[in-house]
Amino acid sequence: MKSAKGIENLAFVPSSPDILRRLSASPSQVEVSALSSDPQRENSQPQELQKPQEPQKSLEPSLPSAPPNVSEEKLRSLSLSDFEEGPYGWRNFHPQCLQRCNTPGGFLLHYCLLAVTQGIVVNGLVNISISTIEKRYEMKSSLTGLISSSYDISFCLLSLFVSFFGERGHKPRWLAFAAFMIGLGALVFSLPQFFSGEYKLGSLFEDTCVTTRNSTSCTSSTSSLSNYLYVFILGQLLLGAGGTPLYTLGTAFLDDSVPTHKSSLYIGTGYAMSILGPAIGYVLGGQLLTIYVDVAMGESTDITEDDPRWLGAWWIGFLLSWIFAWSLIIPFSCFPKHLPGTAEIQAGKTSQAHQSNSNADAKFGKSIKDFPAALKNLMKNAVFMCLVLSTSSEALITTGFATFLPKFIENQFGLTSSFAATLGGAVLIPGAALGQILGGFLVSKFKMTCKNTMKFALFTSGVALTLSFVFIYAKCGNEPFAGVSESYNGTGELGNLIAPCNANCNCLRSYYYPVCGDGIQYFSPCFAGCSNSVAHRKPKVYYNCSCIERKTETTSTAKTFGFEAKAGKCETHCAKLPIFLCIFFIVIIFTFMAGTPITVSILRCVNHRQRSLALGIQFMVLRLLGTIPGPIIFGFTIDSTCILWDINDCGIKGACRIYDNIKMAHMLVAISVTCKVITMFFNGFAIFLYKPPPSATDVSFHKENAVVTNVLAEQDLNKIVKEG
């Protein structure tokens with residue numbers, strides 16, 4: 001126990017030869033510090049060891065007797081340096097007013113701020129800026145997909161090494177490094193805006209039926225602007241390097257600094273803030289995209305956001321994130337290696353590590369030579385590997401839905417892409433954050449053991465599995481689409497957008513701008529045969545449409561309020577959207593309620609000295625098997641339900657325009673149920689394999705040089721007695 005004067009419990013002094021020499025100088029004092037926390041163990045010692053303890057009436061442990069040339073103050077400072085439970089500050093600057101930050105709550109606050117910043121950039125601003133970057137720098141979607149995956153690639157490459165070597169290092173300073181890299185990555189990502197010159201507007205595309213449209217040639221020219229791809233990839237790689245210490249070492253530091261029953265609440269809060277970051281990023285990025293892209297150059301334009309040539313100021317959010325991330329470097333670097341009271345907290349913890357033949361050696365982590373052995377040690381922990389595979393399966397469906405839920409809502413319920421994205425975010429973000437916090441709170445509230453925590457995660461996954469069948473209920477049939485599911489007033493063929501009514505309009509399949517007329521949806525105003533439009537009305541309206549059956553006569557003047565078609569999709573007759581959103585919100589809550597308990601179970605089922613490396617392995621496997629292939633698998637599955645593809649001027653198939661809604665719903669249910677079953681299988685198998693350690697096993701508290709437990713201190717005492 002750490003006293004008010006800062007004297008440390010000597011049961012946790014590193015067991016180095018030098019320390020043993022100091023201990024042997026006064027066996028009675030060692031006996032007091034090592035055994036005072038266990039009266040029964042104290043009574044079991046030989047009488048010759050108990051007699052010197054009688055004068056110790058104070059609860060405060062005494063310092064070991066020292067040689068005459070070593071002062072008491074030096075021993076105190078040496079003890080503090082061993083534990084490095086110092087004050088908050090930098091070098092000799094330790095203002096009393098800042099010591100309020102030197103607590104688990106103070107660290108959690110800074111951790112949450114950095115997690116929010118990382119979420120804003122990586123999962124918010126990058127995603128919402130991708131389409132703008134494609135247009136501005138003339139990139140294909142495959143190239144921008146490489147930009148998105150660069151973060152995960154960097155994370156996978158670095159997670160094992162950072163978590164392995166950072167476990168013995170100064171974790172808060174590693175997080176200061178993370179803040180630096182996140183800020184640097186955001187800055188680098190915004191640099192193309194300042195070196196690519198002014199954005200040049202092209203000519204406005206005529207979307208109506210024009211018999212004299214110039215024919216477009218099939219040319220594949222590459223622009224020099226696409227070379228900025230490598231700058232964007234570099235920015236993402238730097239962001240990945242910053243995210244690695246945040247979610248491995250930062251989580252382990254939180255677990256170090258609080259009692260076992262509070263750990264889940266702190267970790268759940270931190271993870272919830274990382275989920276809140278993307279929501280802020282989407283809102284912030286959406287607002288910034290309403291500002292013209294070259295506003296920093298003092299440029300203005302007469303076009304509005306409705307013009308397809310409009311590009312927003314995607315880069316401003318990255319600069320703001322850069323400044324905010326770097327503002328956290330100094331606060332993190334001021335934290336000590338361990339928060340005050342960490343040794344006392346560790347002394348009160350009981351090991352729950354899975355008992356197997358893969359017990360960790362205390363020397364792991366001192367050199368690169370130990371790295372393969374440490375990896376092998378964790379790989380042999382069957383419970384740990386089952387939990388890792390469980391989280392990977394869960395990550396596959398969560399990232400898949402995070403990517404494609406707006407597309408599902410848009411197609412099933414006939415909404416605009418922007419409104420569908422808003423609804424998807426309104427369900428995913430609050431549900432995920434609430435689930436993380438609620439899961440951590442319940443584990444903390446009921447002080448669940450490792451096995452009970454895994455059982456709780458299994459229960460929440462089972463509830464989410466049952467509710468996943470909501471997709472079958474929410475399926476809605478496709479609305480009539482001319483040339484796909486509906487003919488052009490009895491003319492034309494299904495599967496062909498060209499009919500006699502629009503054959504002379506020279507319409508382009510590469511320009512998708514849906515309009516609705518007489519309850520039927522058309523690919524574009526041109527394919528509807530519309531020759532005139534009224535641009536100032538919202539939504540934009542079209543008239544004199546040769547493919548739409550006229551029920552009233554319209555004039556060719558813009559003063560008329562009659563029209564035959566309006567921009568946008570036809571209103572759907574499916575009224576299941578509110579119920580679907582409510583049930584899916586509950587699915588998200590129960591899905592993420594298992595997130596924090598599984599993380600806590602991983603921290604508990606492995607050796608205390610290998611927690612950071614365990615998290616590194618978890619996040620690496622989670623990305624390799626979950627977050628990276630998840631969107632790909634979902635994308636291929638959804639594409640398999642396509643019934644109308646976009647074809648460019650070169651005859652190359654592009655994006656899908658119309659999906660089979662019923663087939664899409666069934667396919668998503670199949671993916672969800674399959675992944676949930678895999679998740680529950682590995683979770684249940686981990687529960688079956690888990691073997692808790694003998695009761696009252698102390699947790700090893702690692703130091704820079706070695707690891708000592710109360711049991712080890714007792715062994716040192718026995719050695720001293722024999723030598724005496």
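Here the Cβ of each residue, glycine as well, is placed from N, Cα and C on the backbone.
Quick look at what TrEMBL annotates:
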type	residues	note
COMPBIAS	30-44	compositional bias 'Polar residues'
COMPBIAS	45-56	compositional bias 'Low complexity'
DOMAIN	107-687	domain 'Major facilitator superfamily (MFS) profile'
DOMAIN	495-549	domain 'Kazal-like'
REGION	30-71	region 'Disordered'
TRANSMEM	108-130	transmembrane segment
TRANSMEM	142-162	transmembrane segment
TRANSMEM	174-195	transmembrane segment
TRANSMEM	229-254	transmembrane segment
TRANSMEM	266-293	transmembrane segment
TRANSMEM	313-335	transmembrane segment
TRANSMEM	382-405	transmembrane segment
TRANSMEM	417-444	transmembrane segment
TRANSMEM	577-603	transmembrane segment
TRANSMEM	667-690	transmembrane segment
Short question: which residues 6 or more past the ends of the transmembrane segment (577-603) have a Cβ under 8 Å from it? 251-252, 255, 263-264, 267-268, 271, 275, 384, 387-388, 390-391, 394, 398, 409, 413, 423, 427-428, 430-436, 438-440, 442-443, 448, 450, 453-454, 456-458, 460-461, 463-464, 467-468, 470, 473-474, 611, 614-615, 618, 683, 686
Tertiary contacts of the transmembrane segment (313-335) (same chain, 6+ residues out, Cβ under 8 Å): 88-90, 98, 101-102, 107, 110, 113-114, 117-118, 120-121, 124-125, 128-129, 132-133, 136, 172-173, 175-176, 179-180, 182-184, 186-187, 189-190, 193, 242, 281, 284-285, 288-289, 291-293, 295-296
For the domain 'Kazal-like' (495-549), provide the mean pLDDT of the predicted model. 83
Taking the transmembrane segment (108-130) as reference, which of 174-195, 266-293, 382-405, 417-444, 667-690 has the most Cβ pairs under 8 angstroms? 266-293
Long-range Cβ neighbours of the transmembrane segment (417-444) (under 8 Å; 6 or more residues past either end): 261-269, 271-273, 275-276, 278-279, 282, 398, 401-402, 405-407, 409-410, 453, 456-457, 460, 581, 584-597, 600
Which residues, given as numbers and ranges, are at least 6 beyond the ends of the transmembrane segment (229-254) yet have a Cβ under 8 Å from it? 104, 107-108, 111, 114-115, 118, 121-122, 126, 133, 137, 139, 143, 146-148, 150-155, 158-159, 162-163, 166-167, 169, 171-172, 174-175, 177-192, 263, 266-267, 270, 274, 325, 599, 603, 611-612, 615-616, 619
What parts of the chain pack near the transmembrane segment (382-405), using Cβ distances under 8 Å and only residues at least 6 beyond its ends? 354, 356, 424, 427-428, 432, 454, 457, 461, 591-592, 594-595, 598, 601-602, 605-606, 614, 617-618, 621-627, 629-631, 633-635, 638, 671-672, 675-676, 678-680, 682-683, 685-686, 689-690
In terms of Cβ proximity under 8 Å, which residues at least six beyond the ends of the transmembrane segment (266-293) contact it? 104, 108, 111-113, 115-121, 123-125, 127-129, 132, 136, 193, 199, 247, 250-251, 254-255, 258, 299-301, 305, 310-317, 320, 421, 425, 429-430, 432-434, 436-441, 443, 592, 595-596, 599-600
